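J.: Sharing a structure, written as structure tokens. Questions coming.
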């Protein structure tokens, strides 16, 4: 009844149960946090706007991205992954989401930033529908915890549009 | 260290009925584990509700040895979601983030492009020959939660199978020789 094996078994089971409980509580504590992030994106320049040989439109642009995402961090946050996507509609596709830039914020101190950058990923359409197209820029964030449930949300900024002609 | 003597004694005095009881208990344990696994598959709607991260392509978010909990709902696939997908011809599923989505007006079908956070380029090189996009049928689930380090057990057992055999042998021995 009090053999070594039995005691080891009970100890290990108890330890694993407590660990699982602590992970669950850590994850639940994230729900107490009410984030209030803010962001602003300006398109500084359309570098070029061409139709590719395969027939798809492609744009290269330079953006000014500034954001304050410090309120997303809790003690259970490992990192926040953010990306900026262009969202628009075409006759063929009801929704197109193209990620233009992303970054990893490892700590709260880096969560308030300002960056001037051209698009990291190619902004290519399925087709040639981009001339004069109006689109939204959304800043998405994905909070990755040290353990538990991940949270994702976004800010939608409207009112951007592409030139009428290729250049 | 008298338990060695006890173990040898109990192996010598095994009776058929006791052996059969032990066999049934072992079978019950294995069956319950299988039931829990299948129930999880039903609840989460995904073929494999828990996966182990095997590569470093999603660092620093997901490291090798973490486990991911998956869920598949009818919600449309959107950019930013972390999805697990199978490529035709590859047996190991891949866990990466969706960076591009093109959804058709009429059918609602989607073309999806993925990329690992830590990879320099997108996943087109990983897809099958001539495949430029993923469709919904390739995607097994979205990652909704994760636990660090727990998956190392699976990785060790897959990469050094000898440890798996040692573990199963030891467990079997323990069940057979336990007095209760």
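Every residue, even glycine, has its Cβ placed from backbone N, Cα and C.
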J.: Give the range, chosen from B:111-127, B:162-178, that TrEMBL lists as transmembrane segment.
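T.: That would be B:162-178, per the transmembrane segment entry in TrEMBL.
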J.: Give residue numbers and ranges for long-range contacts of the transmembrane segment (B:139-156): same chain, 6 or more residues beyond its ends, CB-CB under 8 A.
T.: 44-49, 52-54, 62-73, 77, 81-86, 93, 95, 112, 163
J.: Average the per-residue pLDDT over the domain 'Peptidase S24/S26A/S26B/S26C' (B:36-102) and send me the rounded value.
T.: 84
